[in-house]
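Per TrEMBL, these features apply:
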ACT_SITE  125  active site, glycyl thioester intermediate
BINDING   8, 9, 10, 11, 24, 69, 70, 71, 72, 73, 74  ATP binding site
COMPBIAS  241-251  compositional bias 'Polar residues'
COMPBIAS  517-530  compositional bias 'Polar residues'
COMPBIAS  582-591  compositional bias 'Basic and acidic residues'
DOMAIN    1-389  domain 'THIF-type NAD/FAD binding fold'
DOMAIN    286-326  domain 'Ubiquitin-activating enzyme SCCH'
DOMAIN    399-491  domain 'Ubiquitin/SUMO-activating enzyme ubiquitin-like'
REGION    215-252  region 'Disordered'
REGION    511-536  region 'Disordered'
REGION    582-606  region 'Disordered'
């Protein structure tokens, strides 16, 4: 369901300003047909994880080129390619760095054979109480404050939301985020401001032990940051949203702030905070309660930037511009069009090798920022499947977890979905079905599984304790794995914030293959990790081997590669799927899906 954004325009050559807001797959098709009008391209404005794009759908194609922008979707496509036996060409770029890899079932390692660098996580106590970096303030503003104000009210939130002033008894504490009937939006905004930036900081200062070895934060109230009189900007608000398009509403426009790279003062940040909050309630009230942060939502970015900067002021952390804050909040690594073009060319070369079944010529190629031995492109032969990979080798995993405290919901959200990337999981203990999702379930089954989610593991109908072996399966991905449960009482909150540790999926140790200089190092020898540009909460990273080691690998042979003039291409949610055909009419056929397509991100080919 991906559409073209302004930030996409400088990193590729298919989209123009007039295409902003349109489907990436459809516009890409139109652009390609202008210089190759006789081929057939079928675009899908859909999500690659939709049920229609199942194993049977993938089996139609000869190769898949991946253009997805998040780890979860990439793993999903990798598993469908394995299940359907279709080769996958994976790729990615970030700045001047890039890579292209080929994954063929049984012949090369799959996309998940080597662990990807885990998304950076921060302990809740650091985010809520003792931030030391601007990114901590961004996470607080985005995942706690924004979510509490505009997201699902029933969702658990670690933000302090209770008022304990003298006028509130312990029996009648109020939710300070509740918009009172008798207050206007500006009064509400100032009350929220004073609570989260003033009162909460004062409460934190009462714990003197916390600040023995830390700099004490400074409470900030509206009386400190803003003029004594209320700011009148109703006229500007009307002007900022007179288009009727909610996405065009902007606090910056209301306040006359034009340059997103300017560094705002405390007063300007405070004004933007109140203005953005007010505009959400005045112009986008219907969305409140279901909003999630989106880096392409201008008003959301303005709110998060201003809130993060005000909090940064309290803790003595340097402020950032909206442009910088947006990059941090959206995990954005700015793209370079020429790098994308180089990687795109390498993708095509590998795709043609796959279509010709030229297995010996497959290469994993890394694009470097600085030459190594006078080379910017480092090709090495693909690695063999990792025997420890739970995806393509079905190796059992081990989970350390407190079975007396952790609920089934924790296991599903933090392990099955977040770590294993399963979309429609089924969880079994022996022959007992503990959890399942699907449209074909009866109402009583749905209620039963929902009830199980809130039960502690050891109190499930079929208790899960130390020594239990759980079977987890995703029918859509046709993936099944076993998890050995190991009970553990305590976890380090700093190092193990999830309260559980999954292991057993480890890089293969050095083998005879690795001793052969022809094949280069195993991908476990990563020396650099570079974050890609994920748009969801997943952080995707390119893993680059040591350039000096890579240069020892075999260079890609210079071969004359030609592919049948007729091929059929399908593009679905960022993945390009190609059917190779030989026909007299020279008609090519492609399928393009634009759920999360981005030319700055890795691409897969079927």
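Even glycines carry a Cβ here, placed using N, Cα and C.
Structure coloured by features recorded in TrEMBL.
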residue : record                                     : Cβ within 10 Å
8       : ATP binding site                           : 20
10      : ATP binding site                           : 12
24      : ATP binding site                           : 31
70      : ATP binding site                           : 24
72      : ATP binding site                           : 19
74      : ATP binding site                           : 29
125     : active site, glycyl thioester intermediate : 13
- What is the three-state DSSP composition of the domain 'Ubiquitin/SUMO-activating enzyme ubiquitin-like' (399-491), stated as helix, strand and coil residue counts? 24 helix, 30 strand, 39 coil
- Message: Cα-Cα, whole number of Å: residue 72 (ATP binding site) versus the residue listed as 'active site, glycyl thioester intermediate'?
- Response: 27
- Item | Mean per-residue pLDDT computed across the domain 'Ubiquitin/SUMO-activating enzyme ubiquitin-like' (399-491) | 91
- Could you tell me how many residues in the domain 'Ubiquitin-activating enzyme SCCH' (286-326) are helical, how many are strand and how many are coil under DSSP? 24 helix, 0 strand, 17 coil
- Note on the structure: Cα nearest residue 125 (active site, glycyl thioester intermediate) among binding-site residues (10, 70, 74) -> 70
